[in-house]
């Protein structure tokens, strides 16, 4: 094995995120033990923000 730039390309094996057991998305960070999508591991509440939905003027439901 040599050192240098060619060797750095071999460092991209493996994955940081696995499937989250709460939301089912591939967003659970293995080392941090936190889901990037739903916040599992950090809080008991599902992670959500107002900017995720389009603002509605007048009557009607919010559209995702």
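Any Cβ shown, glycine's included, is placed from N, Cα and C.
Swiss-Prot assigns the feature zinc finger to one of the listed ranges (1-19, 20-38), namely 20-38. Beyond the ends of the zinc finger (20-38), by six or more residues, the same chain brings 46-47 to within a C-beta distance below 8 angstroms of the stretch. Compute the center of the Cβ atoms of 20, 23, 35, 38, which mark the site for Zn(2+); besides them, the chain residues with Cβ within 8 Å of that center are 21, 22, 24, 25, 27, 28, 36, 37, 39, 40, 47. With a 10 A radius on its CB, residue 38 (Zn(2+) binding site) counts 20 other CB atoms from all the protein chains. For the binding-site residues 20, 23, 35, the greatest number of Cβ atoms within 10 Å around a candidate Cβ is found at 35.
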